[in-house]
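Q: Dropping a structure here in structure tokens format, bear with me for questions.
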Amino acid sequence: MNAVVASQNKNDRSFSNMESESSSNVEKSEKENHHQSLPDENWTPFLFFCISSIALASFQDGFQIGCINAPGPLIIDWIKKCHFELFGEVLSQYQADFIWSVAVSMFSVGGMFGSFCSGFLADKFGRKSTLLYNNILALLAAVCLSTSKLFNFYPMIVFGRFLVGLNCGITSGLVPMFLTELAPANLRGKCGSFHQLNISVAIVLSQALGLPQIFGTQVGWPYIFACVAIPTFLQLATIPFCVESPKYLISKLNDREEARRILEKLRGHTKVDEELEHMVQETMVTVEPLHQPGYVSLFKGDNQWPMIVSILMMFSQQFSGISAVTFYSTLIFKRNGLSGNEPMYATVGFGCIKLIATFGCLFLIDHPKFGRKRLHIAGLSGMCISSILIVITLTLSNAGYHWASYMNVLFILSFVVTFAFGPGPIPWFFTSELFDSATRGRAAAVSATSNWVANWMVGLTFLPINNIIHQYAFLMFTFFTFTFAIFTWKFVPETKGKSPSAIRKELAFMRKRICS
């Protein structure tokens, strides 16, 4: 890595010149291969129906992230009572906190396993079938979590969190890929962002349900976990009417006629020959003997650098610190002087603002003047500046300057909003734009697994580090967001509206120019 940085410092050409040179190189190569850009398509009612139905699976992910915040203390008290009734032992507060921490972390453990398996399942059984049967895990988890108090058996919560982690892990690898494979090239960003949009909606709803006025009581908290069955049943009712990915049908089943029929239905017209030919050409270029079996081939040859970039894009999302703010937002607000139910209200309010910002990203991500790269760099840069200001205002607040507490809340808001405009939605579907049909499933699985690993690491380490160095813990995120912003600027091409082959050529050219 040091060698790469050193070579970057020696590079005397400006990035803009390099980028234009790269684009010219790619365009020339595309013309030589007789590739033409696909015509822009519009939203159709059926495309919107399919995208909305598929993205319902993402609701589970966001709900499980947000639902544990408010009722956590209530569940810990119940665990202590339940343990005494089961085993006749009195748990200390530390022991009860540890059991609850294990239950919370099992979500990430399940997510790692589920995301790693998602590529195999998607390629073996198809995108649609995998998504359909994945709902079984969600329903089993909902039963375990919501009836744990009824049966007075807290290990059901631990097991339920693992099951729902498996479900969400499969979802995180499958849904962004499925969405972008159904979308036309000019709408890939909008369609891919539905994954993060549903996560944001679910986080807000779960936090609202956890308020004391609704289900945030000793009697009501099991109903929070039962609510996740609603979108699960809704998807079970709608997904059978959706279509399979045409790219999957061509690359895995060689069923061009069915792929054509699906494209005509999605696009709302019969002029799909050009798009179908692009899919066939993509398959012909990429379906070649792989010398390394399974996932190993992703880290060999032409796949190696795109896979590394995909993983680092996922790291840029999680190491930005958004998980720390999401998991511990109530605690952060309490330390800022908010009391009573005010921290919970503030957390719900922030979730609503983040949701609005995610909606804003939908309109910018495919805009000619923005695209993925600029939004991602802008988001990381905004988070970098916000994290510095959070540290400054927390320091002033601790020194007795009460006005700084209000400024701190403002900068946390800035931190969350800038995340929603780039690092939130973009990494999820970025991998699907880099890889072709033959390797997309496995690549999406590996990148999603890296996201879960990073999420687990941040959730596990932030609170202990924060207890030691206090507000200066946010300087970690300053370093990471700055580093990943530079990385995106130097090594990540714009993917908006481009084919995987064109993107990979530009990616290879950028790497060669910078590292030479």
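Using N, Cα and C of the backbone, Cβ positions are placed for all residues, glycine too.
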Q: Identify whether PHE46 and TYR406 belong to the same side of the membrane as annotated by Swiss-Prot.
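A: For PHE46 and TYR406, the topology recorded in Swiss-Prot gives opposite membrane sides.
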Q: Below 8 Å between Cβ atoms, which of the listed ranges 223-243, 307-327, 345-365, 445-465, 472-492 makes the most pairs with the transmembrane segment (377-397)?
A: 472-492
Q: Please give the average pLDDT for the topological domain 'Extracellular' (466-471) in this predicted model.
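A: Looking only at the topological domain 'Extracellular' (466-471), pLDDT averages out to 83.
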Q: By DSSP assignment, list the helix, strand and coil residue numbers for the topological domain 'Cytoplasmic' (244-306), in that order.
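A: Final tally across the stretch: 45 helix, 0 strand, 18 coil.
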Q: Which sequence positions outside the topological domain 'Cytoplasmic' (366-376), separated from its termini by at least 6 residues, show Cβ-Cβ distances below 8 Å to it?
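A: Long-range Cβ neighbours of the topological domain 'Cytoplasmic' (366-376): 186-190, 313, 316, 421-423, 426-427, 430, 433, 488, 492-497.
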